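> Pasting a structure here, questions to come.
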Amino acid sequence: QSVPYGVSQIKAPALHSQGFTGSNVKVAVIDSGIDSSHPDLKVAGGASMVPSETNPFQDNNSHGTHVAGTVAALNNSVGVLGVAPSASLYAVKVLGADGSGQYSWIINGIEWAIANNMDVINMSLGGPSGSAALKAAVDKAVSSGIVVVAAAGNEGTSGGSSTVGYPGKYPSVIAVGAVNSSNQRASFSSVGSELDVMAPGVSIQSTLPGNKYGAYNGTSMASPHVAGAAALILSKHPNWTNTQVRSSLENTTTKLGDAFYYGKGLINVQAAAQ
């Protein structure tokens, strides 16, 4: 078993050594499904909102399985280690084999997460335009106590304009940008005042369908580091509210540069969970 650099970069192993690994924390991976047969993943449940792909435990794209491994790949003898290896993973399929999905499917996925008492939602997805219904769904999730984390987007810079996508752009959502192993912002990472924090998102090793592993790039890879970090914090502080979890993450970052490009900086889960 290897420890991907991103897991170490956010200081997750320090929590693991204290005995906090995400136990009893439910994380919904709202994505393309999760290959539940992967030996390095344990999937506790889920649902599919994609009409043509009814099985959430099959991932016809690979994106969701990769994201899930960063959150919670098992601490066993094989593969990689996730940020929160004991967290309960839920596969909420809202993206089809082509990696895209309708806003209505995503909203249904968020509603499922609320109804099924998820503690954390990861949405490694985004689009250029907002939707009143999507905003209402994420706001409802947050008001119901869920930590909602999303990828900031892979649109890079555009003059002085924000390139953060939705739902990450909504204030209730923690929007995550990507840095490399040297804490430099990835050139593709979206920028803007709505950017909240950074996490590793370049050459991230994780699980792939069919008992495989591979390295992906994207803010999609950064977001699950933060979702996993939230799970670690909640396993140490089960009575903390989602507001406390978010504040702890945002107030203990390592500052990296201008907030437009780096948000509050790199998360440090060891400091956040003190």
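Note: Cβ is positioned from N, Cα and C throughout, glycine not excepted.
The shown structure was predicted, so the numbers you read here are calculated from the model rather than taken from an experiment.
Pulled these from TrEMBL:
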- Asp31: active site, charge relay system (ACT_SITE)
- His63: active site, charge relay system (ACT_SITE)
- Ser220: active site, charge relay system (ACT_SITE)
- 22-263: domain 'Peptidase S8/S53' (DOMAIN)
> Of Asp31, His63, Ser220, the active-site residues given in the record, which has the fewest other CB atoms within 10 A of its CB?
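The active-site residues Asp31, His63, Ser220 were compared, and His63 has the fewest Cβ atoms within 10 Å.
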> In Å, rounded, how far does the Cα of Ser220 (active site, charge relay system) sit from the Cα of His63 (active site, charge relay system)?
8
